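Asker: Please see the structure below; I have some questions.
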Ligand SMILES: [Zn+2]
């Protein structure tokens with residue numbers, strides 16, 4: 001177990017954890033939101049973030065502080081907590097983002113870590129190389145090697161109680177991301193940001209974002225706290241949390257407010273397009289859209305920023321409750337309907353069902369089948385894996401009906417899409433207690449047929465007969481020839 005991070009609850013890849021930040025003397029519950037504070041212009045004062053929004057941790061940029069003379073002097077003299085007036089934990093970025101934007105910065109990892117320590121940062125960041133998506137493999141490998149050198153330097157420096165992050169790079173090469181995760185995990189560094197995913201998120205490439213996180217997670221241990229670096233929009237937090245991200249930072253609440261953009265968990269709206277405010281936060285219950293539009297620019301920006309933050313923190317709480325209740329994937333399914341690219345992200349998450357299955361609790365409250373994607377959930381995969389281990393009599397009737405099948409079979413099992421066959425004694429155990437729509441869909445039937453095929457493959461000598469309620473020929477084609485079929489709606493076929 002990592003010394004500073006402890007897992008409390010899990011659901012799919014999502015976890016509720018506790019990140020102990022010794023230098024700040026606080027414990028941050030994850031998933032956590034780190035509002036981004038620009039030390040030169042704060043939309044919402046850090047004290048207000050703590051008191052009104054319950055922010056336990058924020059992130060600011062040590063490189064900007066380092067490069068701004070008066071702020072630097074004040075930070076060195078009074079410390080970051082006094083400078084920002086924030087009682088929680090403060091994480092600092094190193095200037096890597098500036099490096100990716102402007103091509104060069106003028107500090108080394110040693111210098112910036114020393115500086116972060118001197119100004120009282122609680123979680124510091126080395127100067128890694130944020131390799132953008134889609135670069136050549138040669139470049140991704142070379143830059144990753146540099147990042148790994150920097151992490152090793154950071155690992156050697158005595159940073160006292162200050163935690164230090166180990167960014168995981170590797171561009172859009174899953175094997176490099178995985179190797180980067182494994183290397184970062186081998187250091188004694190503490191927090192693991194998945195880096196350089198902002199360009200993916202800016203381009204709505206949630207599928208590639210999920211692949212990058214999944215690869216990093218394969219390299220990192222399950223006990224590593226993972227930070228989705230530059231995650232901004234609350235719409236995708238549930239998806240990223242389900243893949244195993246624990247920390248999210250958000251500059252979006254302030255950047256969007258500056259452009260009169262109003263965040264919702266279903267996407268972004270322009271204030272000028274809103275006739276109603278679909279939110280019950282203090283800003284939205286005390287203003288009409290016209291009143292917001294009539295405010296002076298700076299006041300409007302602050303009010304919109306506050307709304308955006310309320311929505312963002314609310315989503316984090318909703319995610320935590322979903323993890324606790326074991327229905328995080330139901331929340332992800334809802335969010336996936338907000339935008340076609342979110343649906344791509346969710347479908348990509350399900351491509352990693354086998355990876356997610358390993359951490360998913362064996363039993364939860366309920367499985368709601370709410371879309372044909374539900375047929376690919378880790379619970380379905382796990383049931384199919386379990387079929388290999390169940391003992392099967394010589395002749396077995398697998399049926400969607402209630403009938404036991406008569407004397408011609410040794411036993412009769414239930415068949416329920418999307419799970420497929422199971423002994424009746426398991427009917428009351430998760431996930432076979434799932435709530436399913438009466439009007440089943442093709443994906444569920446195909447998954448059930450896969451289950452039958454899997455059972456047949458594991459028991460080549462057993463005689464299996466499937467009693468189905470009019471499955472289409474295309475679905476039945478997936479069954480091995482040896483499985484006899486009876487259409488319960490039409491009699492023996
Ligand atoms: Zn609101």
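Each residue, glycine too, has its Cβ placed from N, Cα and C.
Reproduced below are the annotations present in TrEMBL:
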{"type": "DOMAIN", "residues": "13-340", "note": "domain 'tRNA-guanine(15) transglycosylase-like'"}
{"type": "ACT_SITE", "residues": "93", "note": "active site, nucleophile"}
{"type": "BINDING", "residues": "128, 196", "note": "substrate binding site"}
{"type": "BINDING", "residues": "279, 281, 284", "note": "Zn(2+) binding site"}
Asker: Quick check on the binding-site residues 196, 279, 281, 284: which one has the highest count of other Cβ atoms within 10 Å of its Cβ?
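Answerer: In terms of Cβ crowding, the pick is 196.
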Asker: For residue 128 (substrate binding site) and residue 93 (active site, nucleophile), determine the Cα separation and express it in whole Å.
Answerer: 10
Asker: Neighbours of the Zn(2+) site 279, 281, 284: Cβ within 8 Å of the Cβ centroid, same chain, sequence order.
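Answerer: Checked against the 8 Å cutoff, the neighbours are 277, 278, 280, 282, 283, 285, 307, 310, 311.
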Asker: Please determine which of the recorded positions listed here (93, 128) has the lowest count of neighbouring CB atoms within 10 Å.
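Answerer: Checked 93, 128; of these recorded positions, fewest Cβ neighbours within 10 Å: 93.
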Asker: Through the lens of DSSP with three states only, how would you label residue 281 (Zn(2+) binding site)?
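Answerer: In three-state terms, residue 281 (Zn(2+) binding site) counts as coil.
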Asker: Pop the mean pLDDT for the domain 'tRNA-guanine(15) transglycosylase-like' (13-340) in here, whole number is fine.
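Answerer: Overall, the domain 'tRNA-guanine(15) transglycosylase-like' (13-340) comes to a mean pLDDT of 95.
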Asker: So if I take the recorded positions (93, 128, 196) and measure from each Cβ to the nearest atom of ligand 1, which come out below 6 Å?
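Answerer: The recorded positions passing the 6 Å Cβ test: none.
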Asker: Please report how many Å separate the Cα atom of residue 281 (Zn(2+) binding site) from that of residue 93 (active site, nucleophile), as a whole number.
Answerer: 30
Asker: Just give me the nearest neighbour of residue 93 (active site, nucleophile) among the binding-site residues 196, 279, 284, Cα to Cα.
Answerer: 196
Asker: In the three-state scheme derived from DSSP, which category covers residue 128 (substrate binding site)?
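Answerer: The three-state answer is coil.
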